[in-house]
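Chemist: So that we are looking at the same thing, I have put the structure below in structure tokens.
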């Protein structure tokens, strides 16, 4: 006589699934990063007026390897997004691609927050299959493949639409006299934390200085020389060979495992120099002259010495684009000059490709974000352009991009 059996699946000791009144049962698990853990199963049946339960099965440990990578960027935390599926790497289509999706990828890669979500093969075209299209993520998703999408391989794109991201790095130097010295902090699981000075040496510092683009390590300190941090102490007993490209690639005691206080926070002083800022002198179009200088930081009694300007040039023609509504010269509401007056640009179809052209035209490097919906406040003049469409490689928005005048 058949005796109904209830089957149960446990993860890390907690019931996560069950099937009732079965002769036998197979549990199928789609393995994503959130499914990592220890699994076991058991069964329960009724005999007369009693319920009898089996002992738990042997447990199985499931560990999921990283199924995403960034290709073609200049740093480890930027590039074309590629995912691994059925033995091969493929790309992601840029349909619906935005900062929420980039945020999930950046966190999955162990980088900082997302500062750019790129389309139109910004980091070059991939060569494998296009695996994901119409990706739609919540920031709480732990993996790009957990986000909603059309299904693996179901897409109507070409590699000219490959998606990419720019993440902030997962290492920064804080409280120093510039970019290239300070307390070492790393980004993990949505927060910044410090590094314990136990065993901290010049090899560790070399890796940090290289990672933040600041040249060679000049000196180290172990005792909160640049002040105590206020987040968690995330790394302890770091041991680098000096050849690694990322501090988290070095041996350490485990993320979040430390027996230190913030009085032991590690810091570095790097030799580095970064490209100087663009300095503008206001004129009829907001950019009558432009200067660039190069500087470096010296160590000893910490001080900063600017060198003479590397390059200076005069710009005789006034720009017909300006950014309004923010304290800096490289962010704000986009306005253009037309027929004697300044006006705004409608946000319809406004994206990172359009923003790249504006940033290039303004001499402000690459675009980090593209905003719509009057993020920097509403303008007061006419709306001069609508439905702007740039390739991202054009040099001037008003002369090269396609657009309509309302």
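FYI, residue positions are counted from 1 along the chain as it appears here.
Glycine is treated like the rest: Cβ placed from N, Cα and C.
For 93-157, 106-167, 137-147, 196-260, 209-270, 240-250, the entry in TrEMBL reads disulfide bond. For 68-168, 171-271, 321-406, the entry in TrEMBL reads domain 'SRCR'.
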Chemist: Cα distance, residue 240 (disulfide bond) to residue 196 (disulfide bond), nearest Å?
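Modeler: Each residue's Cα considered, residue 196 (disulfide bond) and residue 240 (disulfide bond) end up 14 Å apart.
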Chemist: Per DSSP, what is the residue tally for the domain 'SRCR' (171-271) in helix, strand and coil?
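Modeler: Its residues divide into 16 helix, 33 strand, 52 coil.
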Chemist: At the level of the C-alpha atoms, what whole-angstrom distance separates residue 167 (disulfide bond) and residue 93 (disulfide bond)?
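Modeler: Residue 167 (disulfide bond) and residue 93 (disulfide bond) have their Cα atoms 18 Å apart.
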Chemist: Could you round the CA separation between residue 209 (disulfide bond) and residue 240 (disulfide bond) to a whole angstrom and send it over?
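Modeler: Between the alpha carbons of residue 209 (disulfide bond) and residue 240 (disulfide bond) there are 13 Å.
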Chemist: Relative to the Cβ position of residue 250 (disulfide bond), how many further Cβ atoms are located within 10 Å?
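Modeler: If we count other Cβ atoms within 10 Å of residue 250 (disulfide bond), we arrive at 18.
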Chemist: According to DSSP, collapsed to three classes, what secondary structure does residue 106 (disulfide bond) have?
Modeler: helix
Chemist: Which of these disulfide-bonded residues is closest to residue 137 (disulfide bond) if you go by CA atoms: 93, 157, 240, 250, 260?
Modeler: 93
Chemist: Among the disulfide-bonded residues listed here (93, 147, 250), which has the Cα closest to the Cα of residue 260 (disulfide bond)?
Modeler: 250
Chemist: Same chain only, sequence gap of 6 or more: which residues have a CB within under 8 Å of the CB of residue 157 (disulfide bond)?
Modeler: 93, 94, 95, 130, 133
Chemist: To the nearest Å, how far is the Cα of residue 147 (disulfide bond) from the Cα of residue 106 (disulfide bond)?
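Modeler: Between the alpha carbons of residue 147 (disulfide bond) and residue 106 (disulfide bond) there are 14 Å.
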Chemist: Tell me which residues of the chain lie with their Cβ under 8 angstroms from that of residue 106 (disulfide bond), as long as they are six or more apart in sequence?
Modeler: 77, 112, 113, 114, 165, 167, 168
Chemist: Please compare the disulfide-bonded residues 93, 137, 209, 240, 260 by how many other CB atoms fall within 10 Å of each one's CB, and tell me which has the fewest.
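Modeler: Among the disulfide-bonded residues 93, 137, 209, 240, 260, the lowest count of other Cβ atoms within 10 Å belongs to 260.
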Chemist: Please report how many Å separate the Cα atom of residue 240 (disulfide bond) from that of residue 270 (disulfide bond), as a whole number.
Modeler: 16
Chemist: Within 10 Å of the Cβ of residue 196 (disulfide bond), how many other Cβ atoms are there?
Modeler: 23
Chemist: Suppose you look only at the domain 'SRCR' (321-406); what would the mean pLDDT be?
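Modeler: Here the mean pLDDT over the domain 'SRCR' (321-406) amounts to 78.
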